[in-house]
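Some features that Swiss-Prot has for this protein:
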type	residues	note
REGION	1-29	region 'Disordered'
REGION	68-127	region 'Disordered'
COMPBIAS	101-124	compositional bias 'Polar residues'
COILED	343-404	coiled coil
REGION	443-467	region 'Disordered'
REGION	503-558	region 'Disordered'
COMPBIAS	511-523	compositional bias 'Gly residues'
COMPBIAS	526-549	compositional bias 'Basic and acidic residues'
REGION	617-642	region 'Disordered'
COMPBIAS	625-640	compositional bias 'Low complexity'
REGION	663-705	region 'Disordered'
COMPBIAS	680-693	compositional bias 'Acidic residues'
COMPBIAS	694-705	compositional bias 'Basic and acidic residues'
REGION	721-740	region 'Disordered'
REPEAT	823-853	repeat 'ANK 1'
REPEAT	862-890	repeat 'ANK 2'
REPEAT	895-924	repeat 'ANK 3'
REPEAT	928-958	repeat 'ANK 4'
REPEAT	962-992	repeat 'ANK 5'
Amino acid sequence: MEKTDAKDQSSQGDEEKDPPKSHPYSVETPYGFHLDLDFLKYVDDIEKGNTIKRIPIHRRAKQAKFSTLPRNFSLPDSGARPPAAPPLQNWSPVVPREASLGTQEQNQSPPLGNAPQASTSRSEVSYHRKALLAEATRQLEAAEPEDAELTFGSGRPQLLRASSMPATLLHSRASEEPGLSLGPPAPPALPPLQGEGSVCDGTFEPAEGLAGFHSSSPRASTRIPELVQEGAEPPEGVVKVPNHLPLPGPPFSFQNVLVVLEDKEDEHNAREAEVLFTPGSPTPSPPPLPSPIPENELLLEEIELNISEIPPPPPVEVDMRSIGIRVTEESLGLARVDPGSISSLKQQVSALEGELSGRTEELAQVRTALQQQEEEIKAREQRIRELEFTVAQLEGQFHQENAKDTQGQTDVMVNTDPVHGLLTRESCDKGIEVNLLGSMESESWGHRGEENGLLWGPDGHKQGNQSPAERVLLPQLSLPQGPEQVLTSSVHSFLSTELRIEEAGTEQEGGPQGGTRGAGGFLWGSDRKTPPAGREETSSNLPGKEHPGRPPSSPTDATIGQYVKKIQELLQEQWNCLEHGYPELASAIKQPASKLSSIQSQLLSSLNLLLSAYSAQAHPPKEPPASSSSPPVEISPSTSLKSIMKKKDYGFRAGGNGTKKNLQFVGVNGGYETTSSEETSGEDSTPEDLSDSEAEKKCDGPDHKHVKDAHLTCEAGQGIPEGTCHAAQESGPGEEVPHSKAERYKPSEEFLNACRALSQHLPETGTTTDQLLRQSLNTISQEWFRVSSRKSSSPAVVASYLHEVQPHSPHFLKLLVNLADHNGNTALHYSVSHSNFSIVKLLLETGVCNVDHQNKAGYTAVMITPLASAETNEDMAVVWKLLREGNVNIQATQGGQTALMLGVSHDREDMVQALLSCQADVNLQDHDGSSALMVACHHGNVDLVRLLLAHPACDSSLTDKAGRTALSIALKSPTHMEIAGLLRAHAEQGRSLGL
C-alpha cells in the first residue's frame, strides 16, 4: 500500500478550475511505483491540514550549484544508453496511480478517493515543461536496453537530474556510507537538492526479499510513451525516474532513489526529492492516505511511497523600511528637555492664546467704544453749533425788542465846564451801557449854546459845515422837556453809550486841529504827545468862572445819580436774564477765578464809586483845582462789555513816554527785552490777567490810545477821591506831595479787608488751598502791582499804601513789598526798570525789601540797574544805595551775565564806574566764557575798555570757550586798532610788573 501527500499551490488552483471528466493520468516508474499525476484531489485534505506532516530532515551544508551543466549530463559510470527499450516487467506499484495530463480527460477514476481533477489549458503550459517531459521520455526509452546491465552489474541506478545537480554528488554520498551495502556497493543516498520546483521525498521501508522489486505492472512502462506520442501536454509536475533499479544479489538494507520534480511556477529551478529505503526507520512520515490494503498487512516486497508537493517559495517581496537613527541630546551636546517643561510650555502657549483672544475682543470693544465716542462728540459739536446759532438768534431778537421799545436816546455828560476855545479831551472808558427811555433833541452850540451842551451823535453828519467852535462838547446837561423834542421815527436804534471819565487833560486854543470828530459825530481826544507846539496849556490856566448859561446851583448831579441807579438796575436785570436763559453760562461766570466775574464786580464797584462821587458833589464848596480837574465825559460807541473793559485796561498804553523803552523780564536777548513800560505794569500781576491781556493786545486799536498813564492808577484806587488824581500825576518822580494831599490816597476797602484776612494766615500763604485766602491774595497782588509797578506810579500813593499796611504786621509788610508776579518780578524790579527811583527809595527804606530776589530769568533788581536812567543826583544816590545793599556779582541763570556785563553792553559808563566802585568782579565770565572786557572789545567802546583796563584786577589774557582773547576779538575789526593798542600796552605792562 502506498500513501501519497500532495501540497497545492495557490496559483495551481487558479489555473485548474474545471475538474477532469475522464480517469486521471498515472505514471509507473521503473522502480515499480505508480505515480498519480492528478494532485488536485488532495487539495481539500491539504487545505484542512489532515494529510500533511512535516518530516524533519537534517540537511548537510549546501553544495555548489552547477547551473551551467547541460541538461542531458549523466551520472558517472553510466555509459551511453541505447534507444528506448520496453520497460521492466518486474516493477509493479502496490497501488496503481495514474497521472492526468491537462488536456486529455479520461473517465477512469483514481483508486484512492474521488478528488476533483484539474485541467489546464494548452496556452498555460510553458515550453520548458514540454521539453522536460520529452527529455524524461527519451531517457526512459534509452534506459531499457541497459536494464540487464544495470540490474546485475551496477549497484547505482541511472537517475534523471536537473541541470543544477552536481556530478560529484552521488560519489560523495557513496563514499560516506560504504557499510550499508550487503553485497556490491549500493547507490548512496543523495542529499536533497535546493531547487525552485516541487520536491517529492519518498521513504521506502526495508524489504525482506527482492521479489517485489521484479514484479511490476506493464502499465507503467508504456504509459509515458503513449502520452508523448499522443501529443498531450505535460502535467504540472514531472517525475523524473530511471527505468531501472539495481538489484544486488544479497538483501540490502535500503536503497536511495532520487526523484526530481519541477514546479510549474518556476521554469528555471528544480528541487530534489530523496527516496530512502530503510529497514525500520523511526522517522515519522505523514499520515497515509486511505488505501484498500492496511499498513500492517504489507509484505516486505511492498514499498510505501510518500509524495509531498512543496509549494513554490513566495515571490520575492521588496520591503521598504524607514530606518531611523536614534540620537540622544546628550550625544549632540544639547540640553536635555524636560518633558514637564514642554507640557508647561504648551500650557503657557494655550494660556497666551486665550489671553490673546481676550485682548483681541477687548480691542474690538475699545474700537467700538471709540467709534461711539466719536459719534457722540460729533453730535455734541452739532448741538453746540445749534445752540450758538440759537443764542445768536435770541440776542438779535432781544436787541430788536429793545429797539422797538426805545423812543429816544440821551447822551449824558457829567460835570462839564464852559471853556474858551477848543479842548483836547482824553478819557478812560468805564464801560457803562445806558439805555434811556425818552426823547432828546440834538442841538449844537450855535443853536442853543446857552441852554444845553448836548451833541447828538446821529446828527453829526448834518454838522459837517459848522465851525470848529461849534463842535466842542458843551458843559451843560440838557434834560427832556416834552414830547415836542422827540426825534423823528427814522432814528430808532439801540446804542450803547459810555461814560468816559477824563482824569486830566490839556487845553487847546481855537483852530481846526483842536479836536477830531468820530464817524458818528463823537468827539475824540487826541494823544497828549501829538498836539502842535504852542497849543498845549495846563488845566490850571482855565478860568474858574461858571458858564453864563449855567445856574450856580442846578439839579444836574441829582439827576445823574438817578441815571446811575437806573444803570445799576438794568445791569442787575441783565444778569437775571442771563441766569434764567443760560444757567450754565451764568454758573461759569460766577466762578471766583472767572474774568467775567471780576469784570462784573469791578463794574458794580465803579458804579457805586460814581454814584457816591456825584452825590458828594451835589453841594460842594467851590475849589478851583477840583473844578479844573473834574472829569468831563465824552461819548464813545461800544459793542459789548468785554470790549469796553479792554479799552479800560489798555487805554493808558499810548500815554507817557510812548517811545521810551524799558525791560520786561522774559528771558529774551540775555534775559530781557525792551518793551513799552506800560506793558510791564500791574496787569501782569496774575496769570489770569496775563492770558486776558495777551488777547486784549490784539484788540488794541488806534481809538484806544488816548488816555494818560495816571488814569488807570486812579481807577485802581477806587476809594480815592477823583479830584486828587491829577495832582499826583502832575508831581514829578522826585517831587514831594503835600501831606494834606497824601492823606487822601488811601487803599480801597477791599484791599484793606484782604490784608486783614491774609495777615492772620501768613504762614499758610504759600501752601494754602483755601479759596478765600487765595482770592484775598489775588486781590492784594492786583492792586499792589497797579499802584507800585507802573511807569506812572506815584510815590505818594505807594507811601500811603505802605503806611496803611504797616500797622497790620511787619511780616505782612515784608510779604507785600516782596510780592512777585508769575514771572518772578517784584515791585522793585518794575520800579528800577521804569526808573522810578523815588519808589525804589521807599521800598528800600522799609528795611524788609529783598534786593537779591531773582526772577525766572535769574535777574535781580541790582543787575538791571545799569539799564535804568538816573537823571538826577537823587536818583544816582538811590542807585548807589541799591548797589551797596545788593550783590553785584550775581550771574543770571540764562547766559550767566552779570550787572557789569549788562552795563558794558549798553554803553553805560556811569553805571560801570559805580559797579566797579561797589567791588564788582571784572574778570567774571558768562556761560560762553566772555568777560566784561571782551564784551567792550566786541562793541568797540574805547572808553569802557580804558576804564576796565584801569582796574588793577583786570586780566586781559582770559580766553572764552572758542579760544579767543580780548585782543583777538579787537583785531577782527579794523576800526578797533586803538583798542588793540591799549590791550598790547596793558599786556606789556603786566609782563614788566611780573618781572
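Using the three backbone atoms N, Cα and C, a Cβ is placed for every residue, glycine included.
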Outside the repeat 'ANK 5' (962-992), six or more residues from its ends: residues with CB under 8 Å to it: 928-929, 931, 933-934, 936-938, 940, 942, 945-946, 949, 954, 956
The repeat 'ANK 1' (823-853), counted residue by residue under DSSP: helix, strand, coil: 16 helix, 0 strand, 15 coil
Residues of the repeat 'ANK 2' (862-890) by DSSP state, where helix covers H, G and I: 16 helix, 0 strand, 13 coil
Per-state residue totals over the repeat 'ANK 3' (895-924) - DSSP helix, strand, coil: 16 helix, 0 strand, 14 coil
For the coiled coil (343-404), mean pLDDT (0 to 100): 91
Within the repeat 'ANK 5' (962-992), residues counted as helix, strand or coil by DSSP: 25 helix, 0 strand, 6 coil
